[in-house]
Amino acid sequence: MVTMTTQTDYSDISMTVLGAGSYGTSLAISLARNGAKVILWGHEEAHMNRLEADRANEEFLPGVAFPPSLIMSTDLEKSVQASRDLLVVVPSHVFGLVLGNVKPFLRDDSRICWATKGLEPETGRLLKEVAVEALGESHSLAVLSGPTFAKELASGMPTAIAVASPDKEFVKDLQEKIHCSKTFRVYANNDFTGMQLGGAVKNVIAIGAGMSDGIGFGANARTALITRGLAEMTRLGVALGAEAETFMGMAGLGDLVLTCTDNQSRNRRFGLALGQGGDVDSAQEEIGQVVEGYRNTKEVWLLANRMGVEMPIVEQIYQVLYQGKDARVAAQDLLARDKKSES
């Protein structure tokens, strides 16, 4: 078992990162590079043993050595209690489960930030609602979101992201801990709702962009889809009380463009496979990692229907993923819609 032992010095831990996938690991590496002591917790003992033995994540982040101040752990209780600040980086479909497991070990002063992008499965609820239900309202909450690929972040390539929380002191502290003037810029944002929504919707639109390219429609179609996808994202956000300008920032347009245009994106590659004639199961198997956008599509579709917000791109992607519609037919149906005003 990879755990902090009695010999492990876990005083002065700056942050505990919960989730040792590629993105959680890359964030933990970035934090530790700033000179802070950071715990990276994961629940799979074999995986964590391998990370500790290699002092790297050779499967998904090859060639990126762990900083000496990065500590591996599978002990959830010690990991949670060692730091006031927790950064949750797990898939959205297990977000509530992980928080429920964390709750018994929280300190009175614990603050929780998440970099998970998505909504609650089967309900489409924002993750803030899930967090409050799991943890109560006595802990500060924050969301970290923006255009980041794990490999580039871990490699120290220049990256910018945003953080939002109702607790302004928490935002300031997170900026201090995460921001690195050389490679990693962190912007403060006041829109807690919009910051949560952008990361979920962009995953769905990225699948659509991949489908478009897989069919062979070219750059014009991809750009139109991104632009109209941004309009759908903004409409839903405003209906939920978010600020429209948030979606022109890091967690909206920034993340959307990145995910729709680069093949490092699992969601885009998933869509490419579908556009080229693959089915959902074979496309997911081809990716080999969690494709958040698959679940996000149903979640966003549920939320849009509940709010009465028209999202025709999301509707067509939902029909492809969950109702067996052919991607080419979905594209034709989008193009055949009645003439509309752009606004």
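Backbone N, Cα and C define each Cβ position, glycine as well.
The Cβ of LYS117 (NADPH binding site) has SER92, SER145, GLY199, ALA200, LYS202, ASN203, GLU292, ASN296 as same-chain neighbours under 8 Å, each 6 or more residues away in sequence. Annotation source Swiss-Prot lists NADPH binding site at SER22, TYR23, HIS43, LYS117, ALA150, ARG266, VAL290, GLU292.
Around THR148 (sn-glycerol 3-phosphate binding site), the C-beta neighbours below 8 angstroms that are at least 6 residues distant in the chain are TYR23, SER26, THR159, ILE161, ASP255, LEU258. Look at Swiss-Prot and you will find LYS117, GLY146, THR148, LYS202, ASP255, SER265, ARG266, ASN267 tagged as sn-glycerol 3-phosphate binding site, backed by sequence analysis.
Within 10 Å of the C-beta of LYS202 (sn-glycerol 3-phosphate binding site) we count 32 further C-beta atoms, all protein chains included. DSSP assigns LYS202 (sn-glycerol 3-phosphate binding site) to a helical segment in the three-state reduction. The active site, proton acceptor annotation in Swiss-Prot covers LYS202.
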Residue, out of the binding-site residues ALA150, VAL290, whose Cβ gathers the largest set of other Cβ atoms within 10 Å: ALA150
Cα-to-Cα gap, HIS43 (NADPH binding site) vs ASN267 (sn-glycerol 3-phosphate binding site), nearest whole Å: 25
Distance, ASN267 (sn-glycerol 3-phosphate binding site) to SER22 (NADPH binding site) (CA atoms, angstrom): 15
Around the Cβ of HIS43 (NADPH binding site), the count of other Cβ atoms that are within 10 Å: 15
Fewest Cβ neighbours within 10 Å, where candidates are the binding-site residues ASP255, GLU292: GLU292
Which same-chain residues, if any, lie at least 6 apart from ARG266 (NADPH binding site) yet have Cβ under 8 Å of it: ILE287, GLN289, VAL290, VAL291, GLU292, GLY293
